[in-house]
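Quick look at what Swiss-Prot lists:
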type: ACT_SITE; residues: His124; note: active site, proton acceptor
type: BINDING; residues: Ala25, Phe36, Arg37, Gln106, Ile108, Asp109, His124, Ser193, Ser194, Asn216, Asp233; note: NAD(+) binding site
type: BINDING; residues: Phe36, Ile108, Asp109; note: nicotinamide binding site
type: BINDING; residues: Cys132, Cys135, Cys152, Cys155; note: Zn(2+) binding site
type: DOMAIN; residues: 1-246; note: domain 'Deacetylase sirtuin-type'
Amino acid sequence: MKKPDIQQLKDIVNNSNQIVFFTGAGVSVASGIPDFRSMGGLYDEISKDGQSPEYLLSIDHLHDNKESFINFYHERLLIADKKPNIVHQWIAQLENQQKSLGVITQNIDGLHEDAGSHNIDELHGTLNRFYCINCYEEYSKSYFMTHHLKYCEKCGNVIRPDIVLYGEMLNQKTVFKALDKIQHADTLIVLGSSLVVQPAAGFVSEFKGDNLVIINRDATPYDHTASLVIHDDMTSVIEEIVNSNS
């Protein structure tokens with residue numbers, strides 16, 4: 001990576017006080033969670049089984065066959081042993097230093113929360129929470145995993161993860177909170193997102209602040225509008241920033 005890019009990123013962060021982070025699947029790769037659509041990712045593995053990923057991750061699957069849906073997310077979605085990496089930790093640290101308004105994420109792995117971030121807008125929900133589809137009793141991930149739950153202890157109906165399935169709308173309260181963050185940000189740092197899947201592109205379009213920074217392995221449609229673009233291994237970039245500040 002180019003040292004001038006690292007220095008420019010440091011300068012932008014040091015001179016900003018209302019940073020908003022927008023994160024995609026690339027942020028969690030170093031935690032052992034492959035991008036859903038990459039080789040070896042969830043979509044790739046499901047497709048090998050001859051199943052449609054979109055159907056298995058849909059509200060229709062839940063309605064059509066509750067037992068199949070339960071077994072699917074127990075076998076494929078639950079990620080008990082994954083830990084936050086240096087990128088999650090850096091984001092949380094800047095929030096704790098009151099340099100950041102928070103993080104908007106497309107990820108469902110809950111690793112921003114695990115790293116210590118508090119002001120998180122999880123656009124697609126989180127696997128850190130579960131609830132009953134009938135009585136809406138809520139269960140934490142730790143309780144859910146420890147007790148190997150499949151059915152609600154209160155009413156006996158199915159428990160589902162608090163994620164947005166295909167066929168469901170995004171939570172509008174979460175969307176409005178995310179948009180408000182971006183509209184008040186002086187710097188928007190995009191990490192590990194291709195910015196091609198909606199609503200990601202729409203959110204970036206709402207940013208009117210001073211610095212748009214994009215750190216992603218591949219090019220995005222917004223690279224030409226950014227103050228700084230780094231196409232490199234994200235973990236290496238953030239390690240360089242953290243080590244230079246220590």
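One is the number of the first residue shown, and numbering goes on along the chain from there.
Every residue, even glycine, has its Cβ placed from backbone N, Cα and C.
One way to see the shell of the Zn(2+) site is to take the Cβ centroid of Cys132, Cys135, Cys152, Cys155; the remaining same-chain residues with a Cβ within 8 Å of it are Ile133, Asn134, Tyr136, Glu137, Glu153, Lys154, Gly156, Asn157, Ile159. Asp109 (nicotinamide binding site) sits 24 Å from Cys135 (Zn(2+) binding site), taking the CA atoms of both as reference points.
Under the three-state DSSP scheme, Cys132 (Zn(2+) binding site) falls in the strand class. Using a 10 Å Cβ-Cβ cutoff, His124 (active site, proton acceptor) registers 15 neighbours. For Cys132 (Zn(2+) binding site), the same-chain residues lying six or more positions away in sequence with a CB closer than 8 A to its CB are Cys152, Lys154, Cys155, Asn157, Val158, Ile159, Arg160. Ranking the binding-site residues Asp109, Asp233 by other CB atoms within 10 A of the CB puts Asp233 at the bottom. In the three-state DSSP scheme, the residue listed as 'active site, proton acceptor' falls into the coil class. For Ser194 (NAD(+) binding site), applying a Cβ distance below 8 Å and a minimum sequence separation of six or more within one chain yields Gly24, Ala200, Asn216, Asp218, Thr220.
In the three-state DSSP scheme, Cys155 (Zn(2+) binding site) falls into the coil class. Put simply, Cys135 (Zn(2+) binding site) is 44 Å from Asp233 (NAD(+) binding site) when counted between their Cα atoms.
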